[in-house]
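The structure that follows is given in the form of structure tokens.
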Amino acid sequence: WIMGHMVNEIYQIDEFVDLGANSIETDITFDENAVAEYSYHGVPCDCRRWCHKWEYVNDFLNALRRATTPGDSKYRRELVLVVFDLKTGDLSSSTANKGGKLFAQKLLQHYWNGGNNGGRAYIIISIPDIDHYAFISGFRNALKEAGHEELLEKVGYDFSGNDDLNSIRNALHKAGVKDKEHVWQSDGITNCILRGLSRVREAVRNRDSSNGYINKVYYWTIEKYVSVRDALDAGVDGIMTNEPDVIVNVLNEKAYKQRFRLANYDDNPWETYQ
């Protein structure tokens, strides 16, 4: 999965897919009532990126729905996975549950079209703070209460704060998520700073072990050719990047062409390849 980083304005959906992304990451900020308000990152953000692009969340979700609904004039067949990077820093552990519930209701209305032929992309809820695990519980419960538990088949989970893997596993269990139940594990840092791959390798070992909790591992945010090759050699399933075309170029290199291909809609992002 080539994951376009910081796609927060509607026009960027096409921009990143045109560059080769089959997945995008969108930042979501919350107001004081735990309501998702903007698709917005703010400063600081990655080097060589403008940090201030934004939309109202409802507008972005409506556009995203169109981009992932077959038959729509805005449909982009390649776009199969969306990561919502949830900026839960202003939520407390007590309002996280409410935030998750309200965000699920927003997705249900604006992205899934009330459960009636909405957007088809798989969704990852990515949370920076393991203490906010109740966001996931609230999200899951809201869909169940709305009578749309089936949409959870399309939802996966990630904690992005580079915490100890066992701590993340415990947070997932507290949220009601079982081992290997749609779990993506991220590792990374802003592209301004170099980061080693030791934790990535630990996550890959967990993914590949019979008693791990992880389905997929992704690394963020890189666009240097050597970094991309190193990440692929470490066995990641996804790379988050500001320059999707760089990842496309590396995947076309002889050393990687046989081992990797771009994921499409028929590839289940919750299955671990053996």
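Residue numbers in this text run from 1 along the chain shown.
In case you wondered, yes, glycine gets a Cβ from its N, Cα and C as well.
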Asp59, Asp72, Asp85, Asp90: which one does Swiss-Prot list with Glu25, Asp27 for the Mg(2+) site?
Asp85
Whole-number answer please: how many Å between the C-alpha atoms of Cys45 (disulfide bond) and Cys192 (disulfide bond)?
9
In Å, rounded, how far does the Cα of His5 (active site) sit from the Cα of Asp27 (Mg(2+) binding site)?
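Cα-Cα distance, His5 (active site) to Asp27 (Mg(2+) binding site): 9 Å.
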Within the chain of His41 (active site, nucleophile), which residues six or more apart in sequence place their C-beta under 8 angstroms from its C-beta?
Met6, Asn8, Asp27, Cys51, His52, Lys53, Lys87
I'd like the number of other C-beta atoms within 10 A of the C-beta of Asp27 (Mg(2+) binding site), please.
23
